[in-house]
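J.: Have a look at the structure that comes next, please.
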């Protein structure tokens with residue numbers, strides 16, 4: 001089954017052709033980082049405009065890369081999928097309209113996909129050995145969620161962030177340090193040359209809860225910089241390394257404690273922050289020590305992409321069936337992670 005998927009929830013315009021949920025025949029991603037860098041964050045209006053300007057070309061390229069054109073689209077594509085939320089309202093609308101238009105023209109079923117579902121299953125694209133149930137940690141610019149995935153579309157959300165998401169924490173830390181946007185990749189690169197033990201930032205483990213909180217680490221950095229302003233490259237390297245270490249240890253500790261508590265031997269990471277080199281390293285090493293398999297998507301599938309939407313859509317239609325009469329579906333910017341309904 002070939003699914004043509006579209007993802008426009010935030011600042012990446014992406015389209016992909018996915019066969020049977022696991023074989024990516026094409027994936028095209030247009031990033032808006034350069035557009036938003038000067039504002040040190042995503043500007044919703046600019047994001048929507050960029051999606052409008054690039055969606056047609058991205059769709060054409062994704063189809064072309066898969067050996068499909070608009071003439072044989074009807075024969076080679078079985079269903080359309082799009083990100084229905086959460087995300088920026090205007091951005092979501094662009095992808096939804098594009099997918100609905102194609103579904104109407106070619107009389108194909110339409111599959112709405114939760115963006116978080118995409119991150120949950122992104123590791124399955126390259127790791128077919130992932131078995132259910134598993135513990136999933138979604139870490140991105142807007143989300144930090146710990147979820148037990150009991151079956152496809154059957155979840156138990158253990159905890160989420162009480163304030164800043166992990167990605168937000170990195171972005172805000174970078175701004176305090178005078179670095180550019182997005183902060184996560186920049187801090188990750190600089191930290192490689194630093195000493196992670198130079199500064200002992202707080203680890204907010206929140207005993208008795210599976211929730212996360214990164215405002216404490218952010219405040220600790222702010223207070224440290226008030227009395228220890230950055231004066232040289234070595235100091236900057238050490239601060240970045242120490243901050244990265246604190247975030248990585250917090251995420252890892254919570255995840256493995258949850259896996260132990262719920263007797264789960266598989267942990268799956270997803271979301272843009274899972275691209276962080278130290279987070280990947282710590283999780284893999286801790287997994288080996290605890291006889292727990294850790295699955296992390298490759299970098300292209302860690303950040304927002306339409307292939308993960310196509311993957312989730314395939315398993316969703318297998319469980320819930322296909323619908324041809326849902327063209328009136330509207331995106332939901334605040335869509336929570338929820339169990340699939342038959």
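A Cβ is built for glycine as well, from the same backbone N, Cα and C atoms used for every other residue.
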J.: From the candidates 164, 171, give the one listed by Swiss-Prot for the same substrate site as 138, 139, 140, 141, 142, 184, 188, 276.
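T.: Among 164, 171, only 171 appears alongside 138, 139, 140, 141, 142, 184, 188, 276 as substrate-binding in Swiss-Prot.
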J.: Determine which of 304, 325 appears in Swiss-Prot for the same Fe cation site as 115, 119.
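T.: Record source Swiss-Prot; matching candidate: 304.
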J.: Could you list the residues of the same chain, at least six apart in sequence, whose Cβ is under 8 A from the Cβ of residue 304 (Fe cation binding site)?
T.: 7, 9, 10, 11, 12, 14, 29, 115, 272
J.: Substrate site residues 138, 139, 140, 141, 142, 171, 184, 188, 276: biggest Cα-Cα distance, Å?
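T.: Binding-site diameter by Cα atoms for substrate: 18 Å.
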J.: Under a three-state reading of DSSP, tell me whether residue 184 (substrate binding site) is helix, strand or coil.
T.: helix
J.: Specify all same-chain residues, apart from the site residues 115, 119, 304, whose Cβ lies within 8 angstroms of the center of the Cβ atoms of the Fe cation site, ordered by sequence.
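T.: Filtered neighbour residues, in order: 7, 9, 83, 116, 118, 122, 140, 270, 271, 305, 308, 309.
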J.: In sequence order, which same-chain residues at least six apart have a C-beta under 8 angstroms from residue 276 (substrate binding site)?
T.: 184, 188, 244, 248
J.: For a quick check of understanding: among the binding-site residues 115, 119, which residue's Cβ has the most other Cβ atoms within 10 Å?
T.: 119
J.: If you count the other Cβ atoms within 10 Å of each Cβ, which of the binding-site residues 142, 184 comes out on top?
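T.: Answer by Cβ density within 10 Å: 184.
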